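Enquirer: Have a look at this one before I ask anything.
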Amino acid sequence: MLRRLLARPQSIPNTIKRPSLPTAGARTLRYQSTQSPPPSRPNQPHALPPQTPETRYQKTLRYLNPTAAPPLLARFPTLHLLTRICTLALAIFTSAHIFMEYFYTFTAAYGISMLPTIASNGDWLLISKYYRRGREVHVGDVVSYKLPLKPGEYGVKRVVGLSGDFVEVREAVADEGQDGRKVMGSRPRCLQVPQGHCWLAGDNLTWSRDSRIFGPLPLALVTGKVIAKCSWSSWMPEWGRVEHGLKPAEEIDWEVD
C-alpha cells in the first residue's frame, strides 16, 4: 500500500484563483467628483489698461513718422503721381545745379576778343570749376570770370600776370585818325599786380576789354578754367583742348635787329 502511494504521484489541486474578467452584461462604476466646475461666464470684452496721455515728444514722433501713408495722397492717385514727378524734377534740378556749380559747366562762347584761340560763334567751352577763386591758376591759363563792371555777366580771358608780377600795359586811349575815326593808341607803362589779384588780357588785344579797362581782377571773381572747346563747324562735333598760350622765355627765338 505504501509502495503504491509512493509510485503514483498525487495531483495537487490548484488553489490559486484568477480574477474573472467583466462579462458583457456587467456594469461599470463611475465616480463623480464632489467639486462642482466653475460657473460659466458670458462673453465679456476685455478691459483695456488705462492709457496715459501722450507727451509733446510722442506727438511729434507720431506726426513725423515717415512710414505713415498720408491719407490725402492715398485718396487721390493723380495727386500722388504729380507729387512724385515734382520730387523727381526737384532732385534732378538740384543735382544739375550742384554739378555745374562745383564740378563742370558747358557754355557758349561769344565775342572776338579771344580770336584765334576761341571762335566768335559756334564754339562751346567746357569749364572746370575746380579752379574757381583762382585756385591753382597759372600764367597763360584761359579762365572765366565775373565782369566787375557788369554784374551778372561773364567773360573769358587769358591770365598774363599774378600777384607780384610786373606787366607792361599799353593803355587803350582813343585818338583821332586821319579819316576822323577813333583808333586805339598806346601809352606803355609798367605796373605790379597787387596781392590777391590777376591781370587778364584777350588774345585779340585790339578788340578786347580786359584789365586795361577795369584794372587787376580779384581772384575771388574767377569762376573756373577753360579746359576744352567744342566746334560745330560740320555735322560732327570736334573737340580740342585749350592749350597754354604763353611760352617760357627760354623757348622763344629772340631776334635782335
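Cβ atoms here come from the backbone N, Cα and C positions, even for glycine.
Dumping what TrEMBL says about this protein:
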ACT_SITE  SER113  active site
ACT_SITE  LYS157  active site
COMPBIAS  36-52  compositional bias 'Pro residues'
DOMAIN    89-228  domain 'Peptidase S26'
REGION    30-53  region 'Disordered'
Enquirer: How many Å lie between the Cα of SER113 (active site) and the Cα of LYS157 (active site)?
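Expert: The Cα atom of SER113 (active site) is 8 Å away from the Cα atom of LYS157 (active site).
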Enquirer: Quick check on the domain 'Peptidase S26' (89-228): DSSP residue counts for helix, strand, coil, in that order please.
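Expert: So the counts come to 30 helix, 56 strand, 54 coil.
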